[in-house]
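Summarising the annotation, TrEMBL assigns region 'Disordered' to 1-23. Per TrEMBL, domain 'Acyl-CoA oxidase/dehydrogenase middle' is recorded for 124-217. Summarising the annotation, TrEMBL assigns domain 'Acyl-CoA dehydrogenase/oxidase C-terminal' to 231-373.
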Amino acid sequence: MPDSPPVPASPPTPDQGTPPAPPAARYAALDALPATATGAEVWAALGRAGLLTRAYRDGAVTAGTDPDGLADLLTAVDARFSIPATLSASVQLATALPVLAAGRTPLARQALDEVLSGRATVTLAASDATTGTDLAALRTEVRIADDGLTLTGTKRWIANTTTAAWHLVLARHRPGRHFTHFTWVLVPADAPGVTVRAADSALFAPSGTGHLTLDDVRLDRDHLVGRTGFGLPLFARHIATERLAGAQWGVALCRRVLADTHRHLTRRPHGDGTLWDLDPVRQRFAACLVRVRELHALAADCADAVALRHDATAAAALKAAAGSTVNHVLAACGQLWGAEGFTTGGIQEVRAQAALFDIGGGAGEVVLGAVADTAEAALDGLVRPGTLP
């Protein structure tokens, strides 16, 4: 589908100093790329232009996520490139880089510098051959000894696998399901024993999605990221931010698809007017607008709770809402496009890719269960103080 035209920037108000660059100039590095650019190509352009640090407070990954900066970057990428390319950037910005920043070794700092500059990409290799929503059952193992590490296992359906220079691998260092039995390991893509294979998916090829095999990979201890045994708590802390990013991206994607659909409906002849003149069409479209505005409001309301306090319940609500909203909007727009939606790159292809919003990073049913666990607190939070008997 054609991209929406950029909104003209407002003229700067007279003041002292240099006004900020208008959006058109700020994202010129992205505009130089073709719409078919891969995730790795988009990431390299963002890094060269110094744009990646906008996702973090004071431009430092260790300072935490800046919700507005993150939303701006995701919106800019979504407006210009495919869902797989945006997925590639989203995972790195929201989760992989913050996890990597927990590493204090020179090697971790080197990798962080390479990725932030756009010279490299990094995977977040958490899920493996087991169910992705049950990380405590993962089978990838790391044996930690005084003289080094040995890593064995398989990671599946990981974004950026085929393009990454570094893999952040979540592995168990102790048997059992206790949350302290897991640790992050930074694995160079060219280490002996590392094999990558592209996933059998034309839908997500531009994201570099693939499978990672680790066959007795031997590394020095400086490849450990964060404290031993803190792998799952660190993951939980930053998967919350990924869920915020998903909601922000969902708003941008739905807005873009609805704008394209509105143009299609207002230009498609029907009788003496256009499809847009039909009340059932307008009502269906309006229902989508309401859903997107609800998601937008929820993302704004939960942004600080997630980005600053890593509120898992707020993040679960965002994940559930994003998956439901994106599915609803894309299904409705697919119907409104009719046969035209089946063109290459059309709404039906976008709809298939967008199904990841309700699957990746935690299935919708699982996160709804987490929301249900806090039902009483959620209801109490809706009460206006001093109003109940």
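Count begins at 1; order follows the chain as displayed.
Including glycine, each Cβ sits where the backbone N, Cα and C put it.
DSSP assignment over the domain 'Acyl-CoA dehydrogenase/oxidase C-terminal' (231-373) gives 124 helix, 4 strand, 15 coil. When pLDDT is averaged over the domain 'Acyl-CoA dehydrogenase/oxidase C-terminal' (231-373), the result is 94.
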